[in-house]
Amino acid sequence: MVVYKQLDEWIEHLMQCKPLPEENVKELVAKAREVFSNEKNVQPVKMPVTVCGDIHGQFHDMVELFKIGGTCPDTNYLFMGDYVDRGYNSVETVTLLVSLKVRYPERITILRGNHESRQITQVYGFYDECLRKYGNANVWQLFTDLFDFLPLTGLIENEVFCLHGGLSPALDTLDQIRELDRIQEVPHEGPMCDLLWSDPDERLGWGISPRGAGYTFGQDISEQFNVRNSLKLVARAHQLVMEGYNWSHEKNVVTIFSAPNYCYRCGNMAAIMEVAEGMDKGFQQFEPAPRRGAEGEVNRRTPDYFL
């Protein structure tokens, strides 16, 4: 049985960017599975809340995010997926977020991204990082099994619809999303896949996605979806935007990206969106945390050939 004192110790340990021992991860994930099992495909979220986009294993930048947005549980958070892959510290990043979820289940909402998948993590880094840090794939297996239970979308006060990717031609209403069976690996196609893979586009209607999964959707689609479901806004992540946030479709859609200097080379700002009482929306932008080497010195930006 995981108790608060134990969780607080784990969180303190993880905040130093140190992985938890495998047996602790196993205990944590068992408890987290119970928590996520009780959440819905469209998980209700109360305001005020701070909405965050992709993190991608950039642990020190996530710590910077908490400095700017406030610590959990003082601030209520909603994360829209992609905690792992690409960055150097996927293990510590996802373990900390899941620990916070188990410790403060009402103060942090963690949605599934397209990288919270067995197939994608075997290609983009999380699997290899688990092998490197634990000497086996057990922790990767524990987390990828847990990812199947993450809610697909969040709904802030019935007005702001939050998800990782975008809309689906197979889904007109939130009720249709509520009926999906989400407890599975991210499919290659279909409505659940689209929610995690699709992107807004300048072209109207539905389009074939250059990503090879999901669709592109135009302003006509997002406007219809918002009107039909009495929504004010679709908030999503999934795409690098240089300022950290980007409005599209005449403010029917906003993209939020929370990994600054993405992949340690893109030079972008990161942002979080604060939804206050009265549905006022404000953005906080931030730059990367200083990166420290093994001796504690601050490194220059890593040249491309080390990536």
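Any Cβ shown, glycine's included, is placed from N, Cα and C.
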Looking at Swiss-Prot, which one out of D74, D82, D201 binds Mn(2+) 2 in the same site as N114, H164, H238? D82
What DSSP gives for D54 (Mn(2+) 1 binding site), in three states, is strand
Taking the center of the Cβ atoms of D82, N114, H164, H238 at the recorded Mn(2+) 2 site, which other residues in this chain have a Cβ no more than 8 Å from that point? D54, M80, G81, G113, H115, G165, L196, W197, A237
Excluding D54, H56, D82, which residues of the same chain place their Cβ within 8 Å of the centroid of the Cβ atoms of the recorded Mn(2+) 1 site? G53, I55, G57, G81, Y83, V84, D85, R86, G113, H115, A237, F257, S258, A259
H115 (active site, proton donor) sits from H56 (Mn(2+) 1 binding site) (Cα to Cα, rounded, in Å) at a distance of 9
If H, G and I count as helix, E and B as strand, and all else as coil, what does DSSP give for H238 (Mn(2+) 2 binding site)? coil
If you measure between the CA atoms of D54 (Mn(2+) 1 binding site) and H238 (Mn(2+) 2 binding site) and round to the nearest Å, you get 7
